[in-house]
Amino acid sequence: MNTSVIIDNNTQNIEDIFIHLKKNATTIKKTSVKERIKKLEKLEHYILDHRDEIHEAIYKDLKKHPVEVDTSEVLTIVGLIRHTKKHLKSWMKPNKVSTPLSMLGTSSYVLHEPKGVCLIIAPWNYPFYLAISPLIYAIAAGNTVAIKPSELSEHTSLYIQKMISMLYSIDEVVVILGGVDVSTTLLKQKFNHIFFTGSSNVGKVVMKAAVNNLASVTLELGGKSPTVICKDADLKDASDKITWGKFLNAGQTCIAPDYALIHKSVEKEFVEQMTNTINEFYSPNGELIKASPDLCRIINKDHFNRLKGLLEDASEKGATIIMNGEMDEATKYMPPTLVTNVTNDMRLMQEEIFGPIYPIKSYDKIEEAFEIIEEKEKPLALYIFAKKKKTIKKVLQNTTAGGTCINETILHINNPDLPFGGINNSGIGKSHGKYGFVGFSNQRAVLKNRVGLTSVKPVYPPYGKLASKLTDFIIKYF
Ligand code: NAD
């Protein structure tokens, strides 16, 4: 169990903590598959045995329903742990590779060894899941780890610190609480790998800091994830899936459908359908949506006012706001809101929304949708709603994204055999499953000479005619 308590915003201890983690890294590196699985099992059992406490902490931060905490935080983590336990032995096995004829007499393999001391910096929106899921892979790969959860989700962050202190020693896994000061001090330490989840702007700060120590990075960032709704889409089905994906966590989800591009001929019907679905989900008996226990609140007043500002800007520029109820700043409640008559100059179409507002923009020709997507940064996710295979293929070929669901939203994050992450502005590197394990590992190339001789020996200096003939031969035939 951890013996020292890390006080909020105490940056003085950080250097010492790092030294402890570094000293212990060589021991942790040598841990076996069994030992690492045991560590993951401890985490799994603790989470399952303390679900109520996790529900309570996240409720205090986001007013999130326990079922939503289970589906989007607890079960996802437990699923990733179980998947890792099942596959860790094969991931850790030296990976034999083939030997080219020109290298006769040797054999080669790839060894996955831990990177060493790793830093995980997490955001507030899925405060438990996003701090703990990278930890699974950091542990599986045999690293020592420091975690810095978000200062904005303070109850969950405190809970994570308590949980980790019960499970691991301070020179193995440690949680350091605090804000930008603490993050900045941590980033000055010589971590071998930094796993950052957060905004693209802070991602750049992290990458710049990593350059000083040439630390490798995984950056899980944000951005605008479009939904392309084609004229042949099943509108009822699309409406169900988009309403769920958009208003989950009150839209504060990195892969939430950010805005819709819809064929003009079905726009009106879709907006009506989505308005109905919102009522079916959050007001099944005609009560005020605000009374629904199933909708989260906005994390703080700054974000609430940022969202309000996006709506004011859109309204001033001629948008139609379809708000299902009234906003309430005191309780940070923002109703599920659709916006139509959207133009590209609106902030809603330029900034990541990260809240329960869904702009819907129509197109005549699908190429217009491609143009809108293309002129923005590459998205973390892109969703396609269409029936025809040819249409789906066309959307896939004309766009790019970190991940895509076809006739679905969000769920690609739940398959641990799929890589999760963005591209450029929406992220660098991938996580989940084997990809997560590899992200926290150094893929060490090992070549072994089996017979003493190598086919390369004849080209050692002094370079004579034989060497020159041999290189000619190799260039020609291999
Ligand atoms: P954020 O970038 O403001 O903060 C993330 C973390 O970085 C926090 O722990 C914070 O303390 C720290 N931080 C903030 N400013 C810093 C600085 N100047 N230097 C060093 N550290 C700093 O992000 P957020 O508001 O917590 O989260 C929302 C963003 O995260 C959205 O853009 C969202 O899309 C993105 N996100 C991405 C994913 C993903 O998996 N790709 C998941 C969740 C959230």
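Just so you know, glycine gets a Cβ as well, placed from its N, Cα and C.
Worth saying up front: this structure is predicted, and the values here are computed from it rather than measured.
In the three-state DSSP scheme, E220 (active site) falls into the strand class. Proximity of E220 (active site) to non-local residues of its own chain (separation of 6 or more, Cβ distance below 8 Å) is seen for L130, F195, F196, T197, G198, C254, F420, G421, G422, G427, S431, given in sequence order. Here TrEMBL flags E220 (among others) as active site.
The Cβ neighbour count for C254 (active site), using a 10 Å radius and every protein chain shown, is 27. The active site annotation in TrEMBL covers C254 (among others).
Mean pLDDT for the domain 'Aldehyde dehydrogenase' (12-446) in the predicted structure: 97. Per TrEMBL, the feature domain 'Aldehyde dehydrogenase' maps to 12-446.
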